[in-house]
Each structure stands twice: as structure tokens, then as C-alpha cells.
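The coiled coil annotation in TrEMBL covers 375-437. The annotation compositional bias 'Basic and acidic residues' is assigned in TrEMBL to 671-688, 724-751, 818-899, 906-918. TrEMBL lists 42-116 with the feature domain 'THO complex subunitTHOC2 N-terminal'. Under the heading domain 'THO complex subunitTHOC2 C-terminal', TrEMBL lists 352-651.
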């Protein structure tokens, strides 16, 4: 800092300012698309003044995490000095003494998370980063009990080895963790794109850096391991914070890093080198002060090579059996006597009065791999690989690059299938051998103990509860180990007492867990209750796996067994499971009604993991839902509301599978209150059914009345239509008769006119008939009077001299009756006018009809009170239609008579007469 002080060296300060300015210019334009171009510029700027450039870049990284990837890609143009300066700047930023927690005091600062991720990317990509120095810094911080910097170690392991630390694993992933290395890798790293060669190189680089240590220092592998384990235990007592949530998060983070680091060591070293590197069990427990469970976790890869202990016989006493070699791995050679002595030194002496060191050692040295073969997971992974091979075979891209890529992928999948098959066969053999070995060793687990009644309590206290919260796979292992002890028929082991004790005092156990430990405890309880439910739901399975075995004895004889012990019957077991559910319900209701944040949160976390097996009784489920709903609605803490909402959704999904008390426990005596409630419910159901029937009957009656009224209305309408039709027929007949009479009358008049000879009008006048008014003449045509203009008969201009008198007079008469051409033209024009008038009236009438129809549609929407008026309007309408039809019929008849009258000139004789008369007139 003194170098860049403006008062001492102004030129240096100016150079620093220029370098920072150029760095900011590059950083503003740097992205994934132009890494090559601006990476060169960045390398050029950093070549002359790397310290100023790296400081500016790290400051930028702390603020913008999305710049980590492009910046790391751009660093490939740095020199070796640049990488060393970059490592120095990162360590300097980590050790500046800044606050590593946010203002709330419960979460890690963003700058620390960004730097940890940045370190992981750098260590993965560039071998020039000095990892030994960074690891030495982490060791120094752990010596000061600063566990927050373990986030950097976690990122280093994750990025360099490709193994992610998963906490919230699915049931399938947890089961796969009990298989071989290939199955575990596929279960956890199924989305990893890291090539196997890159992964192996990263593991080797990190291992060498740990083994090499800082310059002038010792190896950091074991010190780092021991410091992480010690820090895990010290967090609870030495963290200076009043927030339990922060203490829980720090403990979970340290525990996760410890497991991650142990997995890395087993991956980086074979068992021989790993055993030679570790301190002894006694040193880890007594010199370094580690918990027995942690020590066994560290030593478990070595204990896999534990040899069977010879069983004592009459010829071979116990001391001779204990003198046999137990371990001989990597220079570590121990007899059974030495090993059991170190195991006894881990716990107080009175512990071994109720628990044998053989059982304790067996429990902590085995894993899920030794007890159960996850055949389903092996088959699922093999099927997945074969499906991927089928997809590759269906691809038809023949580009050389694609063909090579498919060939490599096909080879990888086929190799993976072969590896999984070999692992499955090897694990089946290992499980069979371990089961055979346990069948021999079980007879010495719990015999000859001074305090045998407390054996189950010590198993829970020293074995099950400490290990079931280590990891999800350890939770599954604890449940499987107890089940295996029971199925092997271990003498003096009371299974029924174990299940009764494990479900007691859950409130205190849940409250003492961290967030991750609560989830693991939930998995363990889920497996336990699932096994109990399987025995309860299937009596045949219970009679096969439980009743004949000593684990379900109600008592154990202290001396020789002269009388068969009393065993737990199926009925007693069902009642016991019911009581266990009630006990669990009381424990978790107390947690949900508590005031402490961790108590409520852990309670819901455990319940979330065991939702498929608890609650199973409707009454218990109702109590639980009411408490959780209260938390969701009234609690002020947002994370608790989120967990409560999630758990409520899961409860709603499982609610249809719940059973009432008497169904879950058929042997439960009837409750008087419940019986009364059922009777009351039955009465309410009957009353409700009666009301429904009465309402249905009333509805049916109303429907019948409406149907009857509708039928009557339809009948009246049909009758009205029939009457109208009959009236129309009668009217039609009357009109036809009238027409017939008019036709006959017209014919008679026509015959009389032709038969009398001469002009009829003159005869009528001569006879003294009254003359027509001036200018008006009446012409009778087919019974209808039509106004016609007055005309006067004219005399013929000249008549032939030799024509007979009678004939001449007839022609004259015919000429007088025949209208002139002008009169006929006027008649036709008058008829056309009348036709137009009639058509106009028809159009008006049609428009009127349309308006009436619109009115009818509107009136149909009115109430039933106006139906009578509608019927009257309908009858009036029909009457108008009949009158219109009658009028139209008359008009058509009139026009036809006119046509007939005009067509009379078509008679041949008459035409000839007219032609003769016309010629005569023309000649005159």
C-alpha cells in the first residue's frame, strides 16, 4: 500500500490509475462472446501492472457474480506471475477482516460467496493457481475456529472433483447411495458434464496440493481433516451469536464439508495409502478430542478390511481368539484384543455393562452397502443406459464429427452397463458374506451383560441417534441395521422395546436438531414407521417375520429357558402401533405449539419427510392440520409460512388414505361420544334424505301440473286450428256455389242476348226502361258491375243491297253489342290499375303481418297473464287472413270472368260475322 501512496511515489500512483482505468474499460465490454479479443487485452494490461489489475478485477467479481465465468475464460492469457498475483489478491481479500455475515447476522455475505465460487472456477481451470497457499490459509482460519471460510474448500472440492454435496436427495438417490461407486456417481452426478479424465486430473491436482502443503510446511491432508472435525464440534459452544438459526447453518455447513472432504480422500487414495496416512483410533479420540461417531466415519474405509474374529470353543478359549489379527492394512496391524481395547476407551466403562464392544464396533464399521442390495436402482440405471443406446441407434446424422461423438457415447454407455452389472454381482456376494458373518457374531452381541435391561437405551443413545443424523444414507442404514438384528434373531435383543423407546421423547430430540439433521431424522422415522405399518397391515407377514422371533418376546428369562416366553400377539401389536401414533402426535403437536423458531421449523421438517406414513389416523391428521394452518395464517416469519404451506399441500394429497380410529385399530373399544356422534350423524343423514325425497315429490307434482296445462293448451290450439280449417272449408264451398250461380246467370244472359237479335240496349230503351245517366254506362260481366264510359250505337255506313233484311239486322245488332277497340283498351288499363292497387294492398298487408309476428315474439316473453289476449289477437289475425283469402279468390274469379267474356270473340262463327261486317264497313 505504501508503494501506491501518492505522497511517496506519484509515478506509481499514476501507473496504477492508468491500469485500473484500462481494466475497467475491458471489464465493461467483456462477455462470453468476445472472450478471446478482450482476454488478450486484459492479459496485455495485466502484464505491466498485475497487482492493480487483479485488485480491480476481484472487486468487480465481488459485486457481479455473473462475470465469474467470462473472466475465468479470459485469464488464459495471463503469465505465471499473473496467476501468483491473482492468488495473493484473492487471499488478501479473504483475510481483510471484513464482516462475513450480512446485516441480519444470519446469512453469509454475498462477497464471500462470490469469492468462493471464483476460487473454485480458477482452481478447476488453471494449474498455475497456487492451491497449497490457499489451503494453508484455510487451515489457519480453522485454527481460529472461523468456519465460514470452509465455503471456499467446499467449492474447491466440488469444482475440481465434479462431486456435488446433495442434502435434499430423493428416496431413489438415497437408495442408490447404498450401492457401488458407479451407481453412486450416476445417482448424484447424473447431470455432470465433466469428463472422467478431467475429473481424475482435478482430484490428482487437489491431492498433490494437500500433500505438498505450503513451501517449508508439512502435508495439509490430515490436519485439514482433523481441524474440520474439531470445528464441527466447537461451533455449538464457541459461536458468538444469539441466533440459533445461524448456529444451525454453520454446523450443517461444516458437517457437509466434512463429509465432502472425506469422500474426496476415499476417491483420491486407495485403502492402503489412506490407512497409512491416518492417525490411530486412540489418537483421534483422546489426543484430538473427536467424537467416536466422527472417528468411525473417518476410519470406515479401513474397517472395511476387518477380518472375522474366531469364535471361542472348548478347544479354543476367548483369549486365543482375541489374539487373532483384526486389521492389517497399509502398515496398520492390530489384533482383536487391541482393537476392542481401543473401542472400550471411547466410552465410559459403565456403558459396556449394557452394550458389548463387538456390537458397537459392528454397528459403526458397516454401511448400507453391507446390508442391502439396491437391485431396483441398478436395474433402473441399466435400463436408462439401454434406452440411451436405442436413441443413439436411431440417429441418422452421418457427419464425421457426429459419428465419432455417437461412437464414443455408445462405448461409454456400454462400459457403464458392464460396470453396473459387475458391481451388482459383487455387492450381492458381499451382502451374502456379511449376512453369514452376522449370523455367527450375533450370538455374542448382547449376552453376558450385567445391565441387560438398559441395552436398548444404550443402543439408541450411543449408536442409532448419533448416526441417523449424520447423513441421509446413514439414516436409512440405522433403520436397516435394526431390522437386520431382528430378522437374524439376535438373542436378548427386544425389537418391541426398541420401537417403543425410539418413538418416545421426540419433542426434545427434534428441538436439539439442526435444519439438515431434522430432515435426516425424518427419513429415519419414516423408515421405522414404514416397517411397522408393513407388519401391521399384513397379519401373515407379521406371523412370519415377527411372532416366531425372540425380538417380540415380552420378557427374557435370566436363567435357562424352561418355559417358552410369552410373545406379542398380532392384536397386541396393532394396539401398540396405534398408541405409538398417538404418542408421536402429542410430541409434534407440542413442537408446533411451541414458541421457539427452531422447534417449530424442525417439527415441520420432520413431518414433511414422514408424511406418507404419519399421520394415518383421521383424528390425528385433523389436529395436525389445524396447528399448521394456524402457523401459516398467523406466524410473522415468512420461511415458516412457506414450510407450513408446503406441508399442508402434502397433507391434502395424503388425506384420502387416512383411516378413522376404529378402522386403523379394529380392536379399539367403541367410544360412547363417538357412538352418539355417529347416531346423530345417521339421523341427520336420514332427515336430509327425507327432505330430498319430499322436494323431489313436490317437483314432480309441479311438473305434472305444468305438463297437464301444456297439454290442455296444445289441445285448445289444435281445436282452434281445426275449427278455423272447417270454417275455411265452408266458406270455400259457399264461394264456389256463388261462383256457379253467377256463371249460370252470365250464360243465360249471354244466350238471351244472342237469341233475341238486334241491339238489347235499344229494345230495353224501347220497352220503356230507365236510361242510364249521362256519360255513364253499366256493363254486367260475370255478376260484377264495372263502370264503363257511355257509348251510342252507330249505324253502318253502307249495307249491301242484296243482303237479306234479317241477316243485315243481326249484323247491326252484333255491331251494337260489340265494344269498340278504344273501350277495350280503357278496360285493360283500368284492370291493370286495379291489379296494381291490389298488389300494393297485399304488400301493405304483408308488412302488417310481419309487424304482427314481431309483436307476437315480444309478447311471448311476457307473463302468463297475457296469454288470453294473445289468443284473441291470433283469432283476429286468422279472420283477417280468411277475409284476405276470400277477397283474393273473388278478385281472381272476377278476372277469369273478364277473360271469358273477352274470349267470346274467339267463336269461329262470330269471328266470321265480324270479319264480314268489317269488310262491309270498310267498303262503305
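Using the three backbone atoms N, Cα and C, a Cβ is placed for every residue, glycine included.
Spatially, the compositional bias 'Basic and acidic residues' (724-751) is adjacent to the compositional bias 'Basic and acidic residues' (818-899); three or more Cβ-Cβ distances between them are under 8 Å for residues at least 6 apart in sequence.
In the domain 'THO complex subunitTHOC2 N-terminal' (42-116), the DSSP tally of helix, strand and coil residues is 56 helix, 2 strand, 17 coil. In terms of DSSP helix, strand and coil, the compositional bias 'Basic and acidic residues' (724-751) has 28 helix, 0 strand, 0 coil. The coiled coil (375-437) scores a mean pLDDT of 89 in the predicted structure.
Break the compositional bias 'Basic and acidic residues' (671-688) down by DSSP state and the numbers are 17 helix, 0 strand, 1 coil. Across the compositional bias 'Basic and acidic residues' (818-899), DSSP helix (H, G, I), strand (E, B) and coil residues number 76 helix, 0 strand, 6 coil.
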